[in-house]
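Participant: Below: one structure in C-alpha cells.
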Amino acid sequence: MSFILALDQGTTSSRALVFDHDGTVRGLAQKEFRQIFPEPGLVEHDAEEIWASQLGVAVEAVARAGLSAADIAAIGITNQRETTVVWDRRTGKPIHNAIVWQDRRTAAECDRLKRLGLEATFRARTGLVLDPYFSGTKLAWLLDHLPGARDKAERGELAFGTIDSWLVWNLTGGERHLTDASNASRTLLFNIHEGNWDQELLQLLRIPPAILPEVVPSSQVYGETAARFFAARVPISGIAGDQQAALFGQLCDRPGMVKNTYGTGCFMLMQTGERPVLSERNLLTTVACRLGERTEYALEGSVFAAGAAVQWLRDGLGIIRSSEEVETLAATVPDNGGVYLVPAFAGLGAPHWDPYARGTLLGITRGSTAGHIARATLESIAFQTADLLEAMEADAATPLTELRVDGGATANNLLMQFQADLLGVPVVRPRVRETTALGAAYLAGLAIGYWQDRKELSRLWQAEQAFAPVLERERMAELRYNWNRAVERSKGWAQP
C-alpha cells in the first residue's frame, strides 16, 4: 500500500501530513518558525528556516506514520500565498528575508500606481486589487532596494518565487523553478485570462521576465526529490495555494459551490468553473486550479479578523483563558443583548476594503456581561462571512445551497449553528478537517493515477455534521440590519 505526503507550509508553521487512499491522516508533524518584525507594518520570514522546518516535518510525518520514503507515492505542496522570496540561482541562497503577505511596506507604491490610473488595468488582467498584500510590488521593492539586485535579475542570475517555488527548487536540488497557476494568480503579474505572465504589467513594475518561474498546472509530475533528502526519489506532482487547495479538498468542483476557512481570518472561495467572474463588489477573481489545459476560477473574499477576535478576548481583555472557552462563555446568554463587535483591528477586508476602519463595540448597557461580548465576538465572524457570501451570490448570479467549512473555529458548534441561521442554508463540516493539506494530496495523487478522477474523490468526501438553519428569517434580518449599522460606524475612524 502506498501513501501521499502533503507539505502544508503556513504563515506561522510548517506542517506535513501523510494520507492514505481513503483520505485519512496517517501521520502528522508540525514545527513553528520565527516571525520577524523589523519595524511596524513590516513582516518577514527567514526562507531558509522555512525550508529547514518543512523538510524536517516531512521526514518526521513519514516516520510517525510508521512508513519509509519508499511508501510515499507522491508529494503535494500547499502554501501561504503571496509571500515573496528571491534567491541566487548559483548559490541557492535568498538575497533577503521573505516578505510576508501581511507586510505593508509597498503601500506608497500601490498608491502611486493608483494615482497613475492603473488600478483598472491591474484589476482587469489579474482579477486583483492594487494592494501591498500581493507579490508583485514586494518583488519590485526587493529589486529596487537591494544593491545590485536589479542588475543580477536582468542577467538571469536571480530567481523569484512564492513559497511553493522555493520548496520545489530546494526539493529538486535546484533543478526546477516553477509555480502553479493558482499561486501565479496571486502575484499581480499574471494574466488570468491568457494564462501567462503579463508583459505590460511586468514593464509597469520593472520586473525582468528572466526572474520569473515557469507556470505549470496544479496537478502534474514536476520532478522528483533530490536523492539526499529521502531514501528514495519521490515524485512532486501537486501544487496549490492554501485557499485554493482547501477549495479542492472540500470537493467544491461545480460552479456555485463555496467553502469558508475559519482561521485567524476567514477566506471564502466560490468555484465559478471555467468562467472568470470579475467582481463588481470588491471581491477578488483568482485561479482555483489548472488541470491540464482546463483552468478553473474562483471568487474570493477575506475577513481580516475571525479567530483573531477571539484571541483578543483572551489576550487583550482576559475574559477567557483559552480560545476554546469562548463557546461556553457565549452560551451563558440567550442572545447578544444588543451588543455588536466589529473586529476591524486592522481595517475591514472584502467587500468593504476600508484600511481606516477600526474595532468598534456598540450597544453596551449596564446589563451587558462578558457573555454578551463573547457572543457578539462569535457573531461578528458569522456576520462578516454573510457579507462576503451576499457579495459573491450577487457577482456570480448563483444562489448558495450549502456552505462547506473548515479551519479551527469550525469546532465551535454555537458559531456554526448561528452561521447556518444567518445564511439560511446548511453549514457542513467535513469528516476530514485537514482540507488544505488534503487538497494538495488530491492534486498530487490525481497526477500519478493514485486516484483516477474527481468522481472517485467525491465518493471519499463525508460530512461529519450539517447545521441546518432553525431561527426565523425575520429575526436574522433584524440582526443583519443592526450589524450593518455597526459596520458603518466603524468605517474611516483612523482616516488621517
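Heads up, the Cβ atoms here are built off N, Cα and C, so glycines get one too.
Pasting the feature list from Swiss-Prot:
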{"type": "BINDING", "residues": "T11, R81, E82, Y133, D242", "note": "sn-glycerol 3-phosphate binding site"}
{"type": "BINDING", "residues": "T11, R15, T264, G307, G408, N412", "note": "ADP binding site"}
{"type": "BINDING", "residues": "T11, T12, S13, T264, G307, Q311, G408", "note": "ATP binding site"}
{"type": "BINDING", "residues": "R81, E82, Y133, D242, Q243", "note": "glycerol binding site"}
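For each feature listed, report its degree of burial, its nearest neighbours and the pertinent distances within the displayed model.
Facilitator: When secondary structure is read from DSSP and collapsed to three states, D242 (sn-glycerol 3-phosphate binding site) falls in the helix class. Less than 8 angstroms from the CB of D242 (sn-glycerol 3-phosphate binding site) sit D8, G10, T78, N79, Q80, R81, T436, each of them six or more residues away in the same chain.
Taking the Cβ of G408 (ADP binding site) as reference, residues of its chain lying under 8 Å away and at least six apart in sequence are, in sequence order, Y262, G263, G307, S323.
Taking the Cβ of S13 (ATP binding site) as centre and 10 Å as the limit, one finds 15 other Cβ atoms among all the protein chains shown.
In the three-state DSSP scheme, E82 (sn-glycerol 3-phosphate binding site) is classed as coil.
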Participant: So if I measure Cβ to Cβ from R15 (ADP binding site) and keep only same-chain residues at least 6 apart in sequence, which ones fall under 8 Å?
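Facilitator: For R15 (ADP binding site), the qualifying residues are L7, D8, Q9, L28, A29, Q30, K31, V57, A437.
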Participant: Across the record's glycerol-binding residues R81, E82, Y133, D242, Q243, the largest CA-CA distance in angstrom?
Facilitator: 15
Participant: Name the residue among the binding-site residues T12, Q243, N412 whose Cβ has the smallest number of other Cβ atoms within 10 Å.
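Facilitator: Selected from the binding-site residues T12, Q243, N412 on minimum Cβ neighbours within 10 Å: T12.
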Participant: Provide the number of Cβ atoms within 10 Å of the Cβ of E82 (sn-glycerol 3-phosphate binding site), excluding the reference atom itself.
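Facilitator: Its Cβ shell of radius 10 Å holds 25 other Cβ atoms.
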Participant: List nothing but the one residue from T11, T264, Q311 whose Cβ has the fewest other Cβ atoms within 10 Å; the candidates are the binding-site residues.
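Facilitator: It is Q311 that, of the binding-site residues T11, T264, Q311, has the fewest other Cβ atoms within 10 Å.
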Participant: State the Cα to Cα distance, in Å, between T12 (ATP binding site) and T264 (ADP binding site), rounded to an integer.
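Facilitator: So the alpha carbons of T12 (ATP binding site) and T264 (ADP binding site) sit roughly 11 Å from each other.
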